[in-house]
Amino acid sequence: MPCLLPTLLRATRAALLLQSPRVVAAPASQRLLSAPAQPAASPSSMDSAEELLAPLRLAVRQQGDFVRKLKEDKAPQVDVDRAVAELKARKRVLEAKELALQPKDDIVDRAKMEDTLKRRFFYDQAFAIYGGVSGLYDFGPVGCALKNNIIQTWRQHFIQEEQILEIDCTMLTPEPVLKTSGHVDKFADFMVKDVKNGECFRADHLLKAHLQKLMSDKKCSAEKKSEMESVLAQLDNYGQQELADLFVNYNVKSPTTGNDLSPPVPFNLMFQTFIGPGGNMPGYLRPETAQGIFLNFKRLLEFNQGKLPFAAAQIGNSFRNEISPRSGLIRVREFTMAEIEHFVDPTEKDHPKFPSVADLYLYLYSAKAQVTGQSARKMRLGDAVEQGVINNSVLGYFIGRIYLYLTKVGISPDKLRFRQHMENEMAHYACDCWDAESKTSYGWIEIVGCADRSCYDLSCHARATKVPLVAEKPLKEPKTVNVVQFEPNKGAVGKAYKKDAKLVLEYLGACDECYITEMELLLSEKGEFTIETEGKTFQLTKDMVSVKRFQKTLHVEEVVPSVIEPSFGLGRIMYTILEHTFHVREGDEQRTFFSFPAVVAPFKCSVLPLSQNQEFMPFVKELSEALTRNGVSHKVDDSSGSIGRRYARTDEIGVAFGITIDFDTVNKTPHTATLRDRDSMRQIRAEVSELPSVVRDLANGNITWADVEARYPLFEGQETGKKETVEE
């Protein structure tokens, strides 16, 4: 297959140069204007693959240098934004090529996997007998058990290990809360609508599908194809009017009816409702679980005897009214989240348990690596914190714990990386942000976010409610501190806002240092800033307010905690586990299985009588009761069919181990049975009375299968390879 990506790069750059010839891309002497097309590298040739990637890496590095220079020269923001858009386009091209060059055996057979998931009812589209609703899914017995085990392991790994305070908040959220958090104003995508039947589409997704269809037409010229490739490369960067122009230029119609479409409009992704019968209290289904934790900060602080640091967590469903859900569990309208908010003194971001994860080696994709065209590299976590790649050891500790959790539940370490947000991606209040990303058949997808959110959330809610959300820190010795506060000109504020002046003054009096510093910067740059309180907006200028800095002596210090927030998308984690653990038995393409770690396997063990002979039934009953007493979830399969066929059935739903009762169990004393390992298909023989505790210890991770094989004799009977496989 010919390499079209250098062409895509040139086309992207050309389109952007038309918008801003001065600053979009690096100077011509530093650009790759004619990188030759080359055949794709064979999976066995890493050198050949790197040759293909080298010019793309160079293109990213040069543009990253150019963006940095623009910022150093204090170029106009519009020029910086355009140059950053070009940088992101080059990054996407590089990453697409990296994924295209991965070995074929590294890619899961998604069609075969999805067939297994549907056939064994892991999950299915909700309301299927009514035609289904996109973006909503029901979990079947196997999927429900797998999801619950993923959640239970999360609880043990984080809440119990870290002694985190778990809470459970309502999903219904009044509008003012989400207005304060920014969700009402900013939580939106652009949408277009069929003008005749009202069918809605997400604008960027529809434009992408339409352009790809045009490009696949044999009559499409190379020039036109390059133009459309450049549009696709910067699709995430278009605003409302730019999208509207593109829909007109490319004559985009409804894909289902061919009707005209409305211009793109912002669509808020939250589900709106009204609380109470009067309809006077608008609200929303929560888009995240975090806000409930922030609002209960004071109560949680009291519960923790007023001490920092402490952490709170919540597991629950959140809702986003996606315009066009797709990609199975990756983009849905209702999903389960698990979020931790770790509250810490901003001046003491050192975690006492960081040494326990400091020696972990994991793939880190730093912001610097991204703007210089490098790939993620394996790095010791302790070195990453010491060298400042990761901002502080609290953030580093949670990244390490996240890595251990994800690999524990079945995500491949080689398909897991932590990507740092680039400066233009991070919210203005964030200190550092890293996403855990997994490689799937859909490419790299975010499954966990881990951000140092500074003091932003608590400060916002404190200003809106005029309730101080702070912790008191006793000082060993009195100290003199610098104080920053607003100094309002009451006369000017009163003249401008009259009866609302009191609202403005109260708001300014409740602001913390973080916010004041941000607004001070706006005052110096623009001469004004805007505040919002009790549903009203006020513009304040230099003659109305200034910033006063002075010193005072304190015996007790008030601290607005910084927040480290790990946020887990459990549906995406579950989907990644499904892909990373799906296998086809060597030599038998029809025999598939999931190699779930025992800790999350839907059933830890199966109990399988060799046949339906009634002599086996007392032992089936005895083992089932003993497994239940040991807390081992299990499945009894006493159906007809060969033992090999039943092994295949239990393997297909990821049952970790299998106990088989045969005639030796009945006829010999002491009574013994076989225990089979799903992944290796090897078996041992042990006394029936011992097996439940052995399976329990395997499921809890106290022992490994290697330990079991060292302790008990191997058995080779029920599954002897080729003959049994043929029978199945």
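In case you wondered, yes, glycine gets a Cβ from its N, Cα and C as well.
Database features, via Swiss-Prot:
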- 1-32: transit peptide (TRANSIT)
- 52-108: domain 'WHEP-TRS' (DOMAIN)
- K193: N6-acetyllysine (MOD_RES)
- E288, E339, E565, P566, S567: glycine binding site (BINDING)
- R320, N321, E322, R331, V332, E446, I447, R572: ATP binding site (BINDING)
- Y442: phosphotyrosine (MOD_RES)
- K490: N6-acetyllysine (MOD_RES)
- S689: phosphoserine (MOD_RES)
- T725: phosphothreonine (MOD_RES)
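Here the features listed in Swiss-Prot are painted onto the structure.
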residue	record	Cβ neighbours (10 Å)
K193	N6-acetyllysine	19
E288	glycine binding site	21
R331	ATP binding site	19
V332	ATP binding site	22
E446	ATP binding site	14
I447	ATP binding site	25
K490	N6-acetyllysine	12
E565	glycine binding site	22
S567	glycine binding site	18
R572	ATP binding site	23
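When the record's ATP-binding residues R320, N321, E322, R331, V332, E446, I447, R572 are compared pairwise by CA position, the greatest distance found is 19 Å. With the fewest other C-beta atoms within 10 Å around its C-beta, E322 stands out among the binding-site residues E322, E339. Here the domain 'WHEP-TRS' (52-108) has, by DSSP, the following mix of helix, strand and coil residues: 48 helix, 0 strand, 9 coil. The two recorded residues, V332 (ATP binding site) and E288 (glycine binding site), have Cα atoms 14 Å apart. Averaged across the domain 'WHEP-TRS' (52-108), the predicted model reaches a pLDDT of 79. Excluding E288, E339, E565, P566, S567, which define the glycine site, the same chain contributes T289, A290, M337, A338, I340, E341, G449, A451, F568 within 8 Å (Cβ to the Cβ centroid), listed in sequence order.
Following the DSSP three-state reduction, the secondary structure of P566 (glycine binding site) is strand. Neighbour density around each Cβ, counted as other Cβ atoms within 10 Å, peaks among the recorded positions N321, S689 at N321.
Annotation for the recorded positions R320, Y442, P566: lowest Cβ count within 10 Å of the residue's own Cβ, Y442. Rounded to the nearest whole angstrom, the C-alpha distance between R320 (ATP binding site) and Y442 (phosphotyrosine) is 21. Here the CA atom of E288 (glycine binding site) lies 15 Å from the CA atom of R572 (ATP binding site).
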